[in-house]
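J.: Let me give you the structure first, and then I'll get to my questions.
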Amino acid sequence: MSRKQLALFEPVLLVQALTDAVKKLSPRAQWRNPVMFVVWAGSVLTTLLTLAMVTGQIAGSALFTGIISLWLWFTVLFANFAEALAEGRSKAQANSLKGVKKTAFARRLRAPRHDAQADNVPAAELRKGDIVLVKAGDIIPCDGEVIEGGASVDESAITGESAPVIRESGGDFASVTGGTRILSDWLVIACSVNPGETFLDRMIAMVEGAQRRKTPNEIALTILLIALTIVFLLATATLWPFSAWGGNAVSVTVLVALLVCLIPTTIGGLLSAIGVAGMSRMLGANVIATSGRAVEAAGDVDVLLLDKTGTITLGNRQASDFIPARGVDERTLADAAQLASLADETPEGRSIVILAKQRFNLRERDVQSLHATFVPFTAQSRMSGINIDNRMIRKGSVDAIRRHVESNGGHFPADVEQNVENVARLGATPLVVVEGAHVLGVIALKDIVKGGIKERFAQLRKMGIKTVMITGDNRLTAAAIAAEAGVDDFLAEATPEAKLALIRQYQAEGRLVAMTGDGTNDAPALAQADVAVAMNSGTQAAKEAGNMVDLDSNPTKLIEVVHIGKQMLMTRGSLTTFSIANDVAKYFAIIPAAFAATYPQLNALNVMGLHSPNSAILSAVIFNALIIIFLIPLALKGVSYKPLSASAMLRRNLWIYGLGGLVVPFIGIKVIDVLLTLLGLA
């Protein structure tokens, strides 16, 4: 991705985040975060108490209460700053996308032909179903499907990838995105959305995320934090009558400070920032998620359905051999295979034409002069071919050709069955060629497993994630490649219906499934999967069915998506552990300071040897505020991610963030206490 990556603390973003943090001090903004709303209410109360003490309306130390009030406001401000900084980074990314949107005119055709009469209209007036003509140098004015023509398109404004891509009518590469530029030739496009509903508009709305909906895990954690806050609020409220009964009532300022230090303000202040940052990191990987729910689901995924071609293998299968049936000349097989592939623009189809040319000097025929009917490949038929001069030539998968032969009254030869098995056992893909009901032989297609993919699958297995390879190959070929790549299972001879059934089967077992897809035939499975990453180069139907879009159109990205999702969940869990653990140190700081005058026995809890009750309370409140600032980089970048099993990950995080949450506050509060004493503020 060539789009500029944002530094963690860009000066411009910092200034904007500080401004937004102050704006978020309003009660309406604070009410959305119940934990921080309690801190905000405490800040208001102590501010009023300070003013009353300064004006002599009530007795008490205005300096002590004022400092407590100031640091409570800082606590709220720092939490606001964390959220504003995360949102600011997302908005900066959105602004870079807004730069792609340009006010332009479009040639709206009166008929769906490139030579039809056209009207120049503003792009904003285009509606779903309108037909437009776009020529070289033009910006595509809307999302849509190419219905005529083919062109080279610069999609760098959307994907960050400088290499142009081909978009043409028919097949899985007919989808175009508004805001991209035509470099050559022309396209006739049927608009698929209304203004404001384009892919670019949805990207911007998602990235800005001003009204981001909370995910299920976030809601559950928020409920837990609210419950803890209510418990500590009730506990704190009961302490005043106890201390008053003992003859030395604790001040309201101290009770507010105690409450703020007891409730989980650290995770409460950072929770929203973690969610926003997770979606921002996903965009940094050039993946657009439609919601935080999709990112969170990626972290919980335990089954990955991976297409073999392009994900597990390099995806450039090349014809390597012609293996004729008994009684058939190899040249005859090569000639028929080349004829069946003349209109096949896939890498496999082109390689068959080239191999026939190299082996037998069979030159490409002029497609137009043949007056032939080409039969395109479909996911249902799983074969393609040509009808020419009363000859019906087909090439395709073994089972598809077998059905074709038997339906035409023929017999599938045993020697071809053996050749198919031999090719498959070597990890190559066998394509069978047939003319009428007469099987001519087998074409071997070789593919190469990507380097390092086996190690990545081993890491996923450690994390408890099952990998399943999806391929249209027969079972023998699929088994050979699956063994070489190290996947846990495979689905051979896959059809759209088989993929959908497999996803439902895993979901019925309580598993969460992730998959990628780019074609219209993938749409049902994408809609069913828990995490569905559609390729940006794919059809509009696929992009609408998925809950994520990969701008790089790289199927391997699914593994990275899962890593980002797990990192977000780990970050949230780690900081929650740290937040709850560091409350323990605050108990040892504040409780002896607040109640030692009433109950001298509590002095035994002052294990840190803090200078005075006032310095102990101030130190705890200041530490409580500062720890939010220190944890902001961790919340935005995410905790260090290592592919481990769930139990190993839990142990690791308990040691680092649980023990760290216990130790760090003891050190921090003691250091702050010493500094306050040296400055004469306690």
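Heads up, the Cβ atoms here are built off N, Cα and C, so glycines get one too.
Annotations per Swiss-Prot:
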- 34-54: transmembrane segment (TRANSMEM)
- 58-78: transmembrane segment (TRANSMEM)
- 219-239: transmembrane segment (TRANSMEM)
- 254-274: transmembrane segment (TRANSMEM)
- Asp307: active site, 4-aspartylphosphate intermediate (ACT_SITE)
- Asp344, Glu348, Phe377, Thr378, Ala379, Gln380, Ser381, Arg382, Met383, Ser384, Lys395: ATP binding site (BINDING)
- Asp518, Asp522: Mg(2+) binding site (BINDING)
- 588-608: transmembrane segment (TRANSMEM)
- 616-636: transmembrane segment (TRANSMEM)
- 662-682: transmembrane segment (TRANSMEM)
J.: Quick one: do the transmembrane segment (254-274) and the transmembrane segment (58-78) reach 3+ CB pairs under 8 Å, ignoring pairs fewer than 6 apart in sequence?
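T.: The transmembrane segment (58-78) and the transmembrane segment (254-274): touching, yes.
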J.: Name the one residue among Asp307, Asp518, Asp522 whose Cα is closest in three-dimensional space to that of Asp344 (ATP binding site); these are the recorded positions.
T.: Asp518
J.: Who are the chain neighbours of the transmembrane segment (34-54) in space, where the CB to CB distance is under 8 Å and they lie at least 6 residues beyond its ends?
T.: 25, 27, 60-62, 65-66, 68-69, 72-73, 75-76, 79-80, 222, 225-226, 229, 233, 252-253, 256, 259-260, 263-265, 268-269
J.: Please report the distance from the Cα of Lys395 (ATP binding site) to the Cα of Asp518 (Mg(2+) binding site), rounded to the nearest angstrom.
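T.: Asp518 (Mg(2+) binding site) has its Cα 23 Å from the Cα of Lys395 (ATP binding site).
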J.: Of the stretches 219-239, 616-636, 662-682, which racks up the most C-beta pairs under 8 Å with the transmembrane segment (58-78)?
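T.: Result: 616-636.
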J.: Are there residues at least 6 beyond the ends of the transmembrane segment (662-682) whose Cβ is under 8 Å from a Cβ of it, and what are they?
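T.: Non-local partners: 67, 581-582, 584-586, 588-589, 608-612, 614-616, 618-620, 622-623, 626-627.
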J.: If you draw a 10 Å sphere around the Cβ of Asp518 (Mg(2+) binding site), how many other Cβ atoms fall inside it, taking every protein chain shown into account?
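T.: I get 25 for this one.
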J.: Below 8 angstroms Cβ to Cβ, which residues of this chain, lying six or more residues outside the transmembrane segment (219-239), approach it?
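T.: Hits for the transmembrane segment (219-239): 34-35, 38, 250, 255, 258-259, 262-264, 267-268, 271, 572, 576, 580, 594-595.
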J.: Determine, using Cα-Cα distances only, which of these recorded positions is closest to Asp522 (Mg(2+) binding site): Asp307, Phe377, Ser381, Met383.
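T.: Nearest in space to Asp522 (Mg(2+) binding site), counting only the recorded positions, is Asp307.
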J.: DSSP secondary structure for Asp518 (Mg(2+) binding site), reduced to helix/strand/coil, please.
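T.: Assignment for Asp518 (Mg(2+) binding site) reads coil.
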J.: Cα of Asp518 (Mg(2+) binding site) to Cα of Asp307 (active site, 4-aspartylphosphate intermediate): how many Å, rounded?
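T.: Each residue's Cα considered, Asp518 (Mg(2+) binding site) and Asp307 (active site, 4-aspartylphosphate intermediate) end up 11 Å apart.
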J.: Looking at the recorded positions Asp307, Asp344, Asp522, which sits with the largest number of other Cβ atoms within 10 Å of its Cβ?
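T.: Answer by Cβ density within 10 Å: Asp522.
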J.: Enter the number of other CB atoms within 10 angstroms of the CB of Ser381 (ATP binding site).
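T.: Summing over all protein chains shown, Ser381 (ATP binding site) has 16 other Cβ atoms within 10 Å.
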J.: Any idea what DSSP makes of the residue listed as 'active site, 4-aspartylphosphate intermediate', helix, strand or coil?
T.: strand
J.: Quick check on the binding-site residues Phe377, Met383, Lys395: which one has the highest count of other Cβ atoms within 10 Å of its Cβ?
T.: Lys395
J.: C-alpha of the residue listed as 'active site, 4-aspartylphosphate intermediate' to C-alpha of Ser381 (ATP binding site): distance in Å?
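T.: Counting only the Cα atoms, the answer is 19 Å.
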